[in-house]
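Database features, via Swiss-Prot:
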BINDING   Glu60, Glu61, Thr76, Glu77  Ca(2+) 1 binding site
BINDING   Glu61, Glu77, Asp80, Asp82  Ca(2+) 2 binding site
BINDING   His91, Asp98  Zn(2+) binding site
Amino acid sequence: YGRRRHPKKLTPLAYKQFIPNVAEKTLGASGRYEGKITRNSERFKELTPNYNPDIIFKDEENTVMNHWPGVKLRVTEGWDEDGHHFEESLHYEGRAVDITTSDRDKSKYGTLSRLAVEAGF
């Protein structure tokens, strides 16, 4: 506690690779499904909106902007209610997020995935 971790070489994730290496809706990855959150539910009030055009992470050494100057994190899907995901999707609870980079350069996605894991997502 209180000690900085030594920087380590970041290895990009492969396409369709998960950390932990289990499907997103398993207990090991995300805990139990707690139920879909709708706009009319009490739990909807617990969701925190973020209208900031820049997403900032508390991460002294490996942010998207440090890794790729001028590139921003682009959130394509967060909490959702449209019914386009599987029935117990974590998007319906506000516990899943789909991300890309502002330049939409797919060659960055493996490293972006690794940065998300290192940031605690």
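Cβ atoms here come from the backbone N, Cα and C positions, even for glycine.
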Around Asp82 (Ca(2+) 2 binding site), how many other CB atoms lie within 10 A of its CB?
8
Look at the binding-site residues Glu77, Asp80, Asp98 and tell me which residue has the greatest number of other C-beta atoms within 10 angstroms of its C-beta.
Asp80
Listing them in sequence order, which of the binding-site residues Thr76, Glu77, Asp80 have their Cα within 10 Å of that of His91 (Zn(2+) binding site)?
Glu77, Asp80
Fewest-neighbour residue among binding-site residues, criterion Cβ within 10 Å, set Thr76, His91:
Thr76
How many Å lie between the Cα of Asp80 (Ca(2+) 2 binding site) and the Cα of Asp98 (Zn(2+) binding site)?
11
Measuring Cα to Cα, how far is Glu77 (Ca(2+) 1 binding site) from Asp98 (Zn(2+) binding site) in Å?
5
Where does Glu77 (Ca(2+) 1 binding site) sit in DSSP terms: helix, strand, or coil?
strand
How many Å lie between the Cα of Asp98 (Zn(2+) binding site) and the Cα of Thr76 (Ca(2+) 1 binding site)?
5
Does DSSP put Asp82 (Ca(2+) 2 binding site) in a helix, in a strand, or in coil?
coil
